[in-house]
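Chemist: I have a structure I would like to understand better, so I am pasting it below and will then ask my questions one at a time.
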Amino acid sequence: MESTVDGLTIRRPRYNVSAESASGYRREAGVREEKKPRQRDAGFGAAVPVLLLLYVLSVRGLVHISLRQLVTPGGHSTGFNASTAREYLQQITSIDSRTAGSPENEIIAVNYLLGKIKDIEEKINSVHRITVDVQRPTGTFSIDFLGGFTSYYDNITNIAVKLEPEHRAEHAVLANCHFDTVANTPGASDDAVSCAVMLEILGSLSSSSKPLKHAIIFLFNGAEENILQGSHGFITQHPWAKMVRAFINLEAAGVGGKELVFQTGPENPWLVQAYASAAVHPFASVVAQEVFQSGIIPSDTDFRIYRDFGNIPGIDLAFIENGYIYHTKYDTWDRILTESIQRAGDNILGVLHYLATSSQLAESSQFRHGNMVFFDVCGLFVLSYPARLGTIINYITAAVTLFYISKKMIKYKQGGTNYVRDLVYGLIITLVSWVSALVTVLIIAVLVSLAGKALSWYTHFYVSIFLYGSAAVAKFILVHSLAKTYFFAGASSQYLGDLFFDISLITWCIPLVLLTQSGLCSAYFFAAWIIFPLLTKLLLQPDIIHQGSPYKFTAVYLLGLFPPYLHTMYHVWAVFEMFTPILGRSGTEIPPDIVLGFLIIACTIILITYFISFIYLLKSTKKIIVTLAVLSVLTLLLVCSGMFFPYSSSNDSPKPKRIFLQHTTRTFHSLTGEVVKRDSGIWINGFDYTGISYVTPHIPELNETVRAPCDDAPLCGFPWYFPVHHLIRKNWYLPAPPAPINEHTDFKLVSREEMSWGATRLFFEVKGPSHMTVYVRPNTNTVLSSWSLGDGIPVASGETDYFIFYSHGLYAPAWKFWIELKNSAKESKGIVTVAVGSHYFFGDSRNSPDLETLELKFPDWSFPSSWVCTYDLYEY
C-alpha cells in the first residue's frame, strides 16, 4: 500500500493484519464473538509521557532518600560510639602521609595505635582477655593484578590484637584494616576511618560483660598500599593465622557514605546469612560482587590475599561514594560524616559479635558449599537465598514465561492472527532500536573525544544524561515510532502494546537463562524484571486493560513495575557512583566518553524496556522525539564550546585531575659497565584521557614537544611505580637538573653461576630506599626460567618484561635475590637487561627545588603527587 506524507510517496509493506488484531480484542475458537468493547485505538494522551517522567523521577527520589538514611550517633543500642571513633580518625590523620617504611607510619602511627590499644586494655572486663603482638614479616608472592607482577617485602609492620574469652579460644574471626596511605595523602577514608572504627569496636566489645565464644583478631596492617603486602605477611606467617575461620575486610574506593558489601565467600553462604542477620543498616549486592570479580574495576583488596593464600572465606566492605577524591590530598577526616561512621560501626560490630558467638564459625567447613543470591532492599533488610534455589526460581520463571507466550500464540492463531510473525518482527525491531541507539551514542562520544572535550560530565554528571541519555531515548522512540507507522500500520494500539509487553518478557528471559546457565547469581536481577510485570499483567482486570481509563491502566501498570524499577535504579546509582570517578583515573588509552556511553545505553535499555509498549499506545511521539533530540544536540554544542569544564577545585566537592610528577635521573650502563646515557627531568603522567591538554595553558613549557620517548629498555626506560604502562602510554619528560639525593641506590651483581642443567644464575644485591621496582627483560633467545621470588615461577608483566615490586619497613638489610636464565644461543650482547627504579617518598630526598617550582604552577583543580626517583639500567 502507498501513502503520501509531506508530498512524498511512501510504499508500505503488504502487511495484512487480521480484523481481530486491528480491533484490539481477541476471540477464542468456538466462542461466540462478543460485542466489541470500547478501545483505546485513539491512543493515550500527552499526559501519559509526563506521568512516566514523574514516575522515573519519583523512583530516583526514593533511591536518594534510601541512600541518605541518617543515623544518629549513639542513637542505637549497638554499643558503638561514632564520636569516639571520629576522635581516633582525626588523630590518626593528623599524622602526616603514612607511607610504608616512613617514620610516620612505622613509628608515630604504630605508637599511637599501641597507646590507644593499651588504654582500651586497661578498661577490659574480666570475662575477656587481650593479647597484642607487633609483627614485622618478610616475604614474597606473585599476583595477577594489573597484568601480573611479583612482590617482595622486608620488615614491614602489622599490629595484631586478639580479644578472646578469659579461658582462651580455639577459633577466631579476623577484622582487617590498614593504617598506611599512598604517598602525599592523609588517607582518612582509605583506610584510617576503618582503623578508627575497629578501635572503637575493640573498646566496646572488651568492656562488655557479655563473654565471647570465639576470639576476634583485629589486624591493623601497615603495608596494604604496597599492593597487599601486610595481609600476606600476617596470613602466611603469623601463628594466630591458623585460628582464623572467617574475616571481615574494611576498605574504601571512595570517601564516606554507606559501606557496600561487594565480595563474600568463596562459597560459605553462612557468612552472607550472618551479615543479613546482624547488619543494622545493610548495603550489599551480589551484582556488585560479580562485577568486581570480573576484573573490570582496576582495583584489588586484602580479600584476595586471605582467600588465595589463607584459603579463608570472608566479607569485603568498602565505602564507595565520592571516589573523585579517593587517593588524593582531599581525603581528609572532616569529609567523612559522623553518621557514616556510626552506620559502619553498627554494621561491623553487629556482624563481628554475631560471628564470635556463633557455633557456625567453629564448624565452618560443614557449611562451606554453595553460593548465595543476596541484595539489600533500600537499606532496610537483606534478602538472601541459596544459589541453587535461585536456579530453580529462574528456570521456573523462564518456563512460565514460555508457557504464557505459547498460550498466546495458540489463542491468536485460532483467531487468525499471525502472532509468531509479529513477535519475531518485534524482537528484530527492538534489537534494531538498541543497535541504532548505541551507534548514535558512540558517534556522539567519538565527536566529543575528537573535539578534545572528553570528561565534560566529570564534574557535571547531568551533562552525560542530557548528552547521551536523551539521544539514546530519542533513538529508541524514533525506531519504534517508525515501526508503528510504516510496519504495523493498521494494527490496533492495544494489540501492539500487548505485543511489545510480551517482547519485553522475552527480552529479559534470554539473559535470565544465559546467566543462570553460567552459574551467575546476578541472574535474579532479570527474574525480577519478568516476575513482577507478568504477575501484574495476569492480575489486571480485563476491563482495565481493554476499556479502562489510560491513566488508571498506566497507574496499575507502573505499580507492577515498581519493585524491579526501584531495585534497578538503586543499582544504577551504584554503577555511576563507582564508575564515573574511575574514568578519571583509568589511563590515557581508554576513551571515557565511549565507556560512559556504553553504561548509559545499558542502563537505559533496562529502564525503558517495559515503557516501549507506551510508544504504541500514544497518539503521537513527535514532540517527545524533537524535545529529546534538541536537548542532546544543544548539550553537544555546549560541550564542544567548552561550557562544561571537567574538573573542580570546590571546597565542598572537589573533583581534581590526577597527575604524577617524578623528578627522575636515568642512567644506562652497557654490557661492560660503562655509562652510555644519562639524563634527568621531571617525568609527568596524567591519569585520564585528556592528558595535559587542560594543563598546557597554565604551564606552556609542558606541551607535545616534550612527549616522553619509549626507549628500547624495560618499561620504556622509565621508573614505573606500578605496571600500568599499558594503560598510560602518553607521558611527558620535561628536562631538569638531577635531583639532590642523599643516598643513592646500590645495585650490583654479586656472582654469576653456570648451572649443570645449562642455565645461568645471576645473584644480585640491592640497597636503597623503602620502595624500589625492578624490571627484567631477557634478551632474544633467552628465557627467564626461575627466580628466588614468589613461588619460583616468573610472572611476566607484558610480552617481554617482568616487574618486581619491593618495599621495606623502617630498617632492612640489603635485598638479595637471584634469577635464572636459559639461553639457546651465545649472545655477544648479553642475555638479560635489568633495571631498578628507586622511589623516594619521604625524607630529605623526596623533593627538589625544580619539582616544587613546577608543582606550584599547576592549577588548583589538579592534584599533582610528586616525588624523586631514579632509573638505573644494566646489561649482563
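Glycine is treated like the rest: Cβ placed from N, Cα and C.
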Chemist: Pick the one from His64, His128, His327 that Swiss-Prot also lists for the Zn(2+) 2 site with Asp190, Glu225.
Modeler: His327
Chemist: Check whether Swiss-Prot assigns Met409 and Leu671 to the same side of the membrane.
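Modeler: Going by what Swiss-Prot records, Leu671 is on the opposite face of the membrane from Met409.
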Chemist: Report which of Asn16, Asn155 appears in Swiss-Prot with the annotation N-linked glycosylation site.
Modeler: Asn155
Chemist: Looking at N-linked glycosylation site as annotated by Swiss-Prot, pick the matching residue from Asn651, Asn703.
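Modeler: Looking at Swiss-Prot, the N-linked glycosylation site feature maps to Asn703.
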Chemist: Apart from its near flanks, which chain residues at least 6 from the ends of the transmembrane segment (43-63) lie with a Cβ under 8 angstroms of it?
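Modeler: Distal contacts: 378, 493, 550-551, 554-555, 558, 562, 565-566, 569-570, 573, 607, 611, 614, 617-620, 623-624.
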Chemist: Give the residue from the glycosylation sites Asn155, Asn703 that has the most other Cβ atoms within 10 Å of its Cβ, counting over every protein chain displayed.
Modeler: Asn155
Chemist: Using C-alpha atoms, which one of the recorded positions Asn81, Asn155, Glu224, Tyr326 comes nearest to Asn703 (N-linked glycosylation site)?
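Modeler: Closest candidate to Asn703 (N-linked glycosylation site), judged by Cα separation, is Tyr326.
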Chemist: Same chain, outside the transmembrane segment (594-614) by at least 6, Cβ under 8 Å from its Cβ: which residues?
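Modeler: For the transmembrane segment (594-614), the list is 44, 48-49, 52, 56, 430, 434, 437-438, 441-442, 444-446, 449, 457, 464-465, 468-469, 472-473, 476, 480, 496-501, 503-504, 507-508, 529, 533, 554, 561, 565, 568-569, 572, 575-576, 579-580, 583, 586.
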Chemist: Would you mind giving the whole-number mean pLDDT across the topological domain 'Cytoplasmic' (405-427)?
Modeler: 90
Chemist: If we skip the immediate neighbours and take only residues 6+ beyond the ends of the transmembrane segment (520-540), which ones have a Cβ under 8 Å from one of its Cβ atoms?
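Modeler: Distal contacts: 286-287, 289-290, 371-375, 387, 390, 393-394, 397-398, 400-401, 404, 501, 504-505, 508-509, 511-512, 553, 556-557, 559-564, 567-568, 571, 606, 609-610.
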Chemist: Around Glu224 (active site, proton acceptor), which residues of its chain at least 6 apart sit with Cβ under 8 Å of its Cβ?
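Modeler: Listed in sequence order, they are His178, Asp180, Asp191, Gly230, Ser231, Asp302.
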Chemist: Which one of these recorded positions has the most other Cβ atoms within 10 Å of its own Cβ: Asn81, Tyr326?
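Modeler: Answer returned by the neighbour count: Tyr326.
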Chemist: Could you round the CA separation between Asn155 (N-linked glycosylation site) and Tyr326 (site 'Transition state stabilizer') to a whole angstrom and send it over?
Modeler: 27
Chemist: The transmembrane segment (382-404) vs the transmembrane segment (624-644): three or more C-beta pairs under 8 Å (separation of 6 or more)?
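Modeler: Counting Cβ pairs under 8 Å (6 or more apart in sequence), the transmembrane segment (382-404) does not reach the transmembrane segment (624-644), since there are fewer than 3.
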